[in-house]
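Here TrEMBL flags 135-169, 171-205, 206-240, 241-275, 276-310, 311-345, 346-380, 381-415, 416-446, 451-485, 486-520, 521-555 as repeat 'PPR'.
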Amino acid sequence: MMRISRHDIPFISFFATSHSSSIRLYSSTHSNTKLGLNSNIENVKCLNDAVSLFHQMVRRKPLPHVVSFSKLFKTMQNMKHYSAVVSLFREMQKLGIPINGYILCNVINSYCLMHRVDCAFSVLPIYLKNAIPFDVVTFTTLIRGIFAENKVKDAVELFKKLVRDKICEPNEVMYATVMNGLSKRGHTEKTLSLLRLMEQGSTKPNIYIYSIVIDALCKDGNLDIAINLLNEMKQEGIPPDIVTYSSLIDGLCKLGQWEKVKTFFSEMVNLNIYPDVHTFNMVIDGLCKEGKVEDAEEVMNHMIEKGVDPNIITYNTIMDGYCLCGQLDRARRVFDSMVDKNIEPDIFSYNILINGYCKLKKVDEAMQLFCEISQKGSKPNIVTYNILLQGMFEVGRIGFAKKFFDEMLSTGPLPNLSTHSTLLNGYFKYGFVEEAMSLFNKLEIKTEDIDIAFYSVVINGLCKNGKLDEAHAIFQKLSFIGLLLDVRAYTIMINGFCLEGLFDEAKDILRKMEANGCFPDNVTYNVIVQGFLRCSKISEMTTFMKEMTGRGFSFDATTAELLVNVLRENPSVLDMIPELHSEKRK
């Protein structure tokens, strides 16, 4: 045995000497199974049914044909009982029941779906032992399994080896599997390169292959290259389909290129390719994200006129758009119209409206909707509880938030890190430092997935409550426990020192931050400049202002307001700031 890479995926050595002529699809020469057995397999509804039928089959004399076992395994796989497929296959081996390539491929696929591609490779010698030839499906399944474990390099190496050593001639499905695996993991250039390689080979790309590459380019924002590829495809006599156009329209919507969106819509219709609800939803989502919610609703009305029924995603998107614009009445109208059309709101529908009400500090209306969820037969999820907790803290209803959290612990979903972050933020905001730290200490002991964002909440809360030493102690601890400090964590600590007027300590953190390869952003500089302005340290502020503008950053609203207040009290400060002074002279 040899290994294809450092990721411990076994690879058998005979691949190097195998020839493509030895690879053929397995076909049975035996007659099909009896109709009754096929009917029994079709009636399998659960794992117990499948296992019971398997044991009946192995006791039959003569044994059912191997195809029946293969069909049973496929049924079990469709029901996601992957480990049971493997277990029954091993039982088949012990009983000496004949197997075929379809069964082995089912077992390989089951291992891959269990994210045990190493075990999947261990099935390959069984092919040899039983004189069963490999086929392209086997290797395509393995490649898909390797990608599923995010071992991109290994998947590519296996594909290259199959081609280089002529072990297997890739077909369109194998190419699509590799390209799909690459594109979904951000390797768009490699996906495009593989397309170019395919164009030169004997297996030519089809519409599905081109659509994978076009979609990857659109998701990367490379719309010009995607459109050029569309034109190339047409020149090759491969007509685009709705999937191709939908990818392009989605990409154009995200970039706000609405004229081109209209052009492609017209082109689709001229080719008798009619937009479906998925395509319309892309346009509606793009318009809502730009705040053009009325236009989005017009698109929905247009799709209805064209005989395309909006789905719950359509309504949820428009509701969310109105909520983001603060137009809760319109969002509620869309919600009610959805109900009138017998489309049952889902938990996302409720969460969108509840969040909208909470943003406008209408917590009572949000709670009414929360109570309605259960009455309508749905169930609040963790997001629902987190939104409402945040809303309660925003309006200062601390006792109500605590009671709501207790109710969540007894009847609702388990709190997640976001829930606890919301609680800590609320406690710190209203000065309940001891309560916050008690919760934090409990969570730190029993929670394994605490991340840098969670610690940042605690550090920020302590700083804003005058507990700078405690905040700094936690901040210093983070590197020792293996957490990588990000720009937000550094900025919070710098702000903590600035609030106390400890500028040397703040500058020391800034130097350490850059030395560790984490560079300050616009917020970091504004925090420091604000600190200098509060303490009227104008010369120091000027130094940082030069550095700030040199890096392409600018004052935010808070900094500008502080500067205006300083100038109002002492106009002569303007002469100390060369940039502003020269601007005034212009």
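Residue numbers in this text run from 1 along the chain shown.
Each residue, glycine too, has its Cβ placed from N, Cα and C.
Bear in mind that TrEMBL entries carry predicted annotations, made automatically and left uncurated.
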Within the repeat 'PPR' (486-520), how many residues are helix, strand or coil going by DSSP? 26 helix, 0 strand, 9 coil
Six or more residues beyond either end and a Cβ under 8 Å away: which residues meet both conditions relative to the repeat 'PPR' (171-205)? 136-137, 139-140, 143-144, 147, 150, 152, 155-156, 159, 212-213, 215-217, 219-220, 222, 225, 238
Summarise the repeat 'PPR' (346-380) as counts of helix, strand and coil residues per DSSP. 26 helix, 0 strand, 9 coil
Kindly report the helix/strand/coil residue split of the repeat 'PPR' (381-415) according to DSSP, in that order. 27 helix, 0 strand, 8 coil
Could you put numbers on the helix, strand and coil content of the repeat 'PPR' (451-485), residue by residue per DSSP? 26 helix, 0 strand, 9 coil
